[in-house]
Ligand SMILES: CSCCC(=O)C(=O)COP(=O)(O)O
Ligand SMILES: [Mg+2]
């Protein structure tokens, strides 16, 4: 089954584990956010945007859990919120206000050149080929839309942003919920059956498939191993080029 046989009009890509290595996210992006959270929060503490992020962080159930581990009642300041952000990052919690904050922090690193977005070497080639073939390319990641734009604009393969036509983050819903994919298809004004979703997470593929999308799993180096049940339930490829000669499971 070649990509063209999938009758896709939109290719919807996940980022971490799909276009980009998990190692880059965990060993470069997360440490950068942890190291720079306090400074960012101090510098922007009085802005409406940061006030909103802080409010949303404090509403998270994990905040009550975190605060209960502290010996004294904390003062709500940049240092305390930075500590809580680091706690969330260490647990790899993909919660919306943390992802918004991370995107803002990474912006400085990309602007200075300290950060360059990792993409696998087949990604730019595939994006160009899909775009040339008239397919739209959209992104759905737990990373904020701002963070998605940064990783592709400042990628090691150059500026890939012009090839992308839409971005979705957890504001549309969580990635393991079917309704999120229904909303994405509605927003793209396309029948879900004409969307091909590429991800490394079987539960995300399952949710997208339940919404009527076509789904393919990526088995990139360093991704969590797929079980026999996963590989019998979904087509699996190791890179985007392999989509051209995809075999049904
Ligand atoms: C948008 S780049 C940062 C990656 C990130 O923070 C993240 O949570 C990626 O999750 P994904 O849904 O792309 O697997
Ligand atoms: Mg992923």
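Quick reminder: no glycine exception, Cβ is built from N, Cα and C everywhere.
Annotated features in TrEMBL:
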BINDING   14, 16, 200  Mg(2+) binding site
BINDING   141, 142, 175  substrate binding site
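Nearest by CA distance to residue 175 (substrate binding site), out of the binding-site residues 14, 16, 200, is 14. Long-range neighbours of residue 200 (Mg(2+) binding site) (same chain, six or more residues apart, CB within less than 8 Å of its CB): 14, 16, 17, 18, 22, 217, 218, 219, 220, 223, 224. With respect to Cβ neighbours within 10 Å, the binding-site residues 141, 142 differ, and 142 shows the lowest count. Within 8 Å of the centroid of the Cβ atoms of 141, 142, 175, where the record puts substrate, the same chain has further Cβ atoms from 14, 15, 16, 94, 140, 143, 169, 170, 204. Taking 14, 16, 200 as the candidate binding-site residues, the subset whose CB lies under 6 angstroms from any atom of ligand 1 consists of 14, 16. Filtering 14, 175, 200 by Cβ distance to ligand 2 (under 6 A) retains the following binding-site residues: 14, 200. Surrounding the centroid of the Cβ atoms of 14, 16, 200, where the record places Mg(2+), the chain contributes additional residues within 8 Å, namely 15, 17, 18, 19, 20, 22, 141, 199, 201, 204, 218, 223.
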